[in-house]
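Noted in Swiss-Prot for the protein shown:
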- 5-242: domain 'ABC transporter 1' (DOMAIN)
- Gly37, Glu38, Asn39, Gly40, Ser41, Gly42, Lys43, Ser44: ATP binding site (BINDING)
- 259-505: domain 'ABC transporter 2' (DOMAIN)
Amino acid sequence: MPYLLEMKNITKTFGSVKAIDNVSLRLNAGEIVSLCGENGSGKSTLMKVLCGIYPHGSYEGEIIFAGEEIQASHIRDTERKGIAIIHQELALVKELTVLENIFLGNEITHNGIMDYDLMTLRYQKLLAQVSLSISPDTRVGDLGLGQQQLVEIAKALNKQVRLLILDEPTASLTEQETSVLLDIIRDLQQHGIACIYISHKLNEVKAISDTICVIRDGQHIGTRDAAGMSEDDIITMMVGRELTALYPNEPHTTGDEILRIEHLTAWHPVNRHIKRVNDISFSLKRGEILGIAGLVGAGRTETIQCLFGVWPGQWEGKIYIDGKQVDIRNCQQAIAQGIAMVPEDRKRDGIVPVMAVGKNITLAALNKFTGGISQLDDAAEQKCILESIQQLKVKTSSPDLAIGRLSGGNQQKAILARCLLLNPRILILDEPTRGIDIGAKYEIYKLINQLVQQGIAVIVISSELPEVLGLSDRVLVMHEGKLKANLINHNLTQEQVMEAALRSEHHVEKQSV
C-alpha cells in the first residue's frame, strides 16, 4: 500500500545556512508520527515546506501526497489536497462566532448567498467529531484555550483534511484538556486521518505516537517505532548526548527565613464576591526552591502576583521580608525589596517582541547605566548585555536582533538575564519552561540550581508536576484558592501531590528549622 505522504530529500537554505539538509519523512493513512527536535532543529521549516508556506522552487527535494507530486505555491494549494496545519498560536478570529470561524474562507453559498441552514447542519456534525457542544453563535474569544484548539480541528475537518499537523497543541492546555485532545486525535486516526504531532512533552509523544521522527541541526537523525523508545532514547537523539539527569541533583543548603506571607486573601478583579486566594500563609528560606502545585484555578499565579505587586484586584494580608513587614503594591516596590519575577505568559508580559534582545535584557535595570545622570552610558550597557548573553547562553545572531525572532527557550533565558541584573534575593518563576525544548529546559534547571547555591530563594510554579517535584525542596499544594498542603520533598510522587490537592482537610508537614 503506497504511503499517504513522502517527503524525499528535502533541503531548504536561507543564504548560506541550511535550515534542513536532505531530510526525508513518510507516513501512512491513519498513522500518527511525532516530529521531535530542539527549537531551531528544523521542524517548523520542514512543515512550512510541506504546507506550501515555502513554495515549490524555494527548496530542493520532492513531496508526494496521495500518489501525486505536490508543487504548491501557497498554503491554499495544500489545503485543497487535504493537508492542514494548526499552529501553537491559534489562527482564529476571536471576535467572530464559532460557526463563522469554522467556515471562514469555505462558506456554503447558494446563488451567491450564504446558506446558514446548511452551514449549521454541517457545523453540528463537525463539532460532534471533536466532542464539542457549543452554540454556533458563541464568540470564539469567550472560549477557553482547550475549546479553541478543538474548534481549529473542526475547521480543518471542514476542509476534508487527510493529514493534520499539530504544532505544540497542548502548550497552554490543562491536563484534562490535553487528555480530551489526545482522545480526539486517536478517534480521527480510526477514520483514516494521519497526524504529524510536534511537542516537547515527551510523555504525550510516547502516549500518542505510532512512530517518532527526530531532527537535529536540520538533519534527520532517525525514525523509530514509538513502542520501542523510552523518553531517554528520544532525548539522546534530540540533543546528541545523554542527559544523565534532567533535574540537577546538586546539594544546596537552605538558610534563614527570608520571606513570610500571612493570611493572604485576593479577590477577583471584577467580582468582589469571588476569592481567588483564600487566607493562605507560608514562608521561604534563603537558598530554598519552593514549588507551588495545583490544578488550573488553584490560585498559584494569583498568589505570586500579589507578592510581586501586579495582581489587578484587591488583596489583603501581610508580607514580611527578613522579618520586617513590607508594603508591596506595584512591581517597582517588589523590585526594591529584592524580588524579581519571570511571568507566566512571556509573549504578553515578558518581552517587547519588536525590541532588540539586548534592550529587553536591560529594560528593568536602566538606572545601572545612567550614573546619576539622565544620559545612558551605552558602552556600559553594551558590555552588560554581552556578559548576560554569554552567562545565560542566549543563542542570538546579534544583541540587536528583535527578541520576537528568537526561540521560546532563548526568549526565556533573556527574561532570566533581565531578572538577574536586578540582583534579586527572591526569584519567582511562573511556568519557567512552558513551550521550550528539552535542551533549553536542562540549561534553565542548571541555572536555577546555581542560583540557590548562591543563596537566592526561588519560587517555582509549574503545571508540569514532574518539574515541580524534580526541582523543589518543598511543595505547596493549592486547590481552589486554598493552601491544602505544605510538603517536604522527600521523594514525593505525583499521586501524593494530587491526593493532597483533592483531599478535604489541610495537611502540613512540619519542617526542621
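Each position is counted from 1, following the chain as shown.
Just so it is clear, glycine is given a Cβ too, placed from its N, Cα and C backbone atoms.
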Around Lys43 (ATP binding site), how many other CB atoms lie within 10 A of its CB? 24
Non-site residues, in chain order, whose CB comes within 8 A of the mean position of the CB atoms of Gly37, Glu38, Asn39, Gly40, Ser41, Gly42, Lys43, Ser44 at ATP: Thr45, Ile215, Ser407, Asp437
I'd like to know which of the binding-site residues Gly37, Gly40, Gly42 has the most other Cβ atoms within 10 Å of its Cβ. Gly37
For Ser44 (ATP binding site): DSSP state (helix, strand, coil): helix
Using a 10 Å radius on the Cβ of Ser44 (ATP binding site), the other Cβ atoms enclosed count 21
Tertiary neighbours of Asn39 (ATP binding site) (same chain, Cβ under 8 Å, six or more apart): Ser407, Gly408, Gly409, Asn410, Ile436, Asp437, Ala440
If you count Cβ atoms within 10 Å of the Cβ of Ser41 (ATP binding site), leaving out that atom itself, what do you get? 25
